[in-house]
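According to TrEMBL, the protein has these features:
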- 26-98: domain 'Mur ligase N-terminal catalytic' (DOMAIN)
- 110-297: domain 'Mur ligase central' (DOMAIN)
- GLY112, SER113, SER114, GLY115, LYS116, THR117, SER118: ATP binding site (BINDING)
- 319-445: domain 'Mur ligase C-terminal' (DOMAIN)
Amino acid sequence: MKTMTLKEVAQAINGRLCQGDAGVRVRAVSIDSRSLAGGELFFALRGQRHDGHDFVPQALAAGAAGVVVERMVSALNPGAAVIHVDDTLAVLQQLARYNREVYRVPVIGITGSSGKTSTKDLVAAALSRRFNTLKTTGNRNNEIGLPLTLLELDERFQAVVVEMAMRGPGEIAFLCRLARPTGAVITNIGEAHIERLGSVDNIARAKGEILEAIGPEGFAVLHRDSPYIRREAGRCRGRVYFFGIGGEADVLGRDIRPEKGGNRFRVRVPDGGETEIHLPLPGRHNVENALAAVGVAWALGVPLEDIAAGLAGAVLTPMRLEIIDCRGLKIINDTYNANPSSTRAALQVLAETGARGRRIAVLGDMLELGDEAQAAHRRVGGDAAAGVVDYLITVGNLARFMAEGALAAGMPGRCVFRCASKGEALEVLKDLARPGDVVLVKGSRGMRMEEVVQALVQGQNTVLP
């Protein structure tokens, strides 16, 4: 963030500096006293489980330049710098918006039902040869995480790529008021969050809020093959570019050649330029994500050769199709989250992954699907049975409907295992898997399916509940 004195911070967030040296300079913020570095400004946020005010003494002991609080904390050193506000989260967001306005750089907002984090990583990679790019760390994509990313913006960066998530209408619009994106990407529209929004049409409208934030000088890069996205495209006042594989698209991918650990393909951009891309990531869906990245980078003036070089070095955030070689097993760790479209994409990667042995899918519940949950799980199970996997292990109350779908689609009963817990699934997997097999592990965030991966990596004696 821009270096500011405590007095300037207090003015920017309409706070009152109750005590401390107004001239102390601040270069960064923190909301976690455990990871706070000396000289950072600590915001005491109130959460469902913890209240940051309880950790103000620890933050000051760790060297915080000052603290931002809603209520005074007792027994503080009289010299400690304290800024009092009405709402610490609201002023964190206010300071983030202020910092964004200080730096007039391109800001790319990325949303969609799945693929947001991978596409964020690929956009940053495509820009990397021409722009020192700040991107969302991990998936800090909500009303707390996005402001923290914007507060990392300073004079070192020439572009910003931020991921935007939502749980209901109005949330993307709110994030856009903070980030003020100059470019937008919508990766796809699917059933994720349908429990909260009621229909895919409602999901599309909520995701499409990002388009209304784009001004006449901006642009949007949108998935050609989604009728829901095409319907929302008119909400963008700037240029609109569609990406897709085959057929007609502004950013067109073709001649896809899967190879060990990735894909090679050709891409054509709107001005007719064309180049070959080597993408070190598996899956057709990652080719589509890369096409979105090409569209963004091209729109920002990055030459095709630099885009290709950047994508050739792309690395995804952990737990997104992360390949782990473990004592003869190849594990595909795609455990960060799951919905029907992302699970189908992961199953396709499993099918395309070279294996000397069998292909085993360990799939946990896909959450927040509402009334569609049982049917959606059955459909995914049917997809798994369609020659994609040799063995299916399901984990959870909803995932058992995947097992039902697989059996209904003709998968032999001896190849389907319904498990109530991750511990039970791990024991089945220990007995079943052998060197040469490929194992996909995936499930919604609430399932914490990475624990299965960690147990496999740690060895035979690991026990899970």
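Note that Cβ sites are derived from N, Cα and C of the backbone, with glycine treated the same way.
Whatever TrEMBL says is automated annotation, not expert-curated.
What TrEMBL annotates, mapped onto the structure for a quick look.
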residue: GLY112; record: ATP binding site; CB count, 10 Å: 27
residue: SER113; record: ATP binding site; CB count, 10 Å: 24
residue: SER114; record: ATP binding site; CB count, 10 Å: 24
residue: GLY115; record: ATP binding site; CB count, 10 Å: 24
residue: LYS116; record: ATP binding site; CB count, 10 Å: 25
residue: THR117; record: ATP binding site; CB count, 10 Å: 24
residue: SER118; record: ATP binding site; CB count, 10 Å: 28
Reduced DSSP state (H/G/I helix, E/B strand, rest coil) at GLY112 (ATP binding site) is coil
Additional residues around ATP, ordered along the sequence, whose Cβ is within 8 Å of the centroid of GLY112, SER113, SER114, GLY115, LYS116, THR117, SER118
ILE110, THR119, THR187, ASN188, ASN289, SER342
For the domain 'Mur ligase C-terminal' (319-445), how many residues does DSSP put in helix, in strand and in coil?
53 helix, 31 strand, 43 coil
Can you check how the pLDDT averages out over the domain 'Mur ligase N-terminal catalytic' (26-98)?
94
